[in-house]
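Listed features, source Swiss-Prot:
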- 28-106: domain 'Sm' (DOMAIN)
- 1-29: region 'Disordered' (REGION)
């Protein structure tokens with residue numbers, strides 16, 4: 001079986017001979033994701049919206065769950081900058097994610113369980 005990389009680059013299937021290097025890469029990716037848990041992040045989406053919230057989890061399809069999420073629309077000529085829309089718990093489909101920015105660690109950040 002050859003290596004398969006999906007359109008958004010998230011799911012991988014390794015060949016049987018790939019060995020330890022794939023396992024180490026998987027462990028590294030898992031540790032990186034675990035280090036981002038409960039951190040605030042901004043997700044830019046393909047339609048121009050931005051969501052800001054606390055990273056709670058992801059799945060193998062690269063969908064992201066944000067807690068205490070707020071939605072920000074891209075300002076335009078007909079719609080000036082508005083107040084954010086409070087979403088609460090939000091699921092962002094992986095195929096709609098353009099970029100993810102993680103907020104620097106803050107001392108007063110809330111911890112979600």
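In case you wondered, yes, glycine gets a Cβ from its N, Cα and C as well.
Taken through DSSP, the domain 'Sm' (28-106) splits into 12 helix, 38 strand, 29 coil. Confidence over the domain 'Sm' (28-106), given as mean pLDDT on the 0 to 100 scale, stands at 91.
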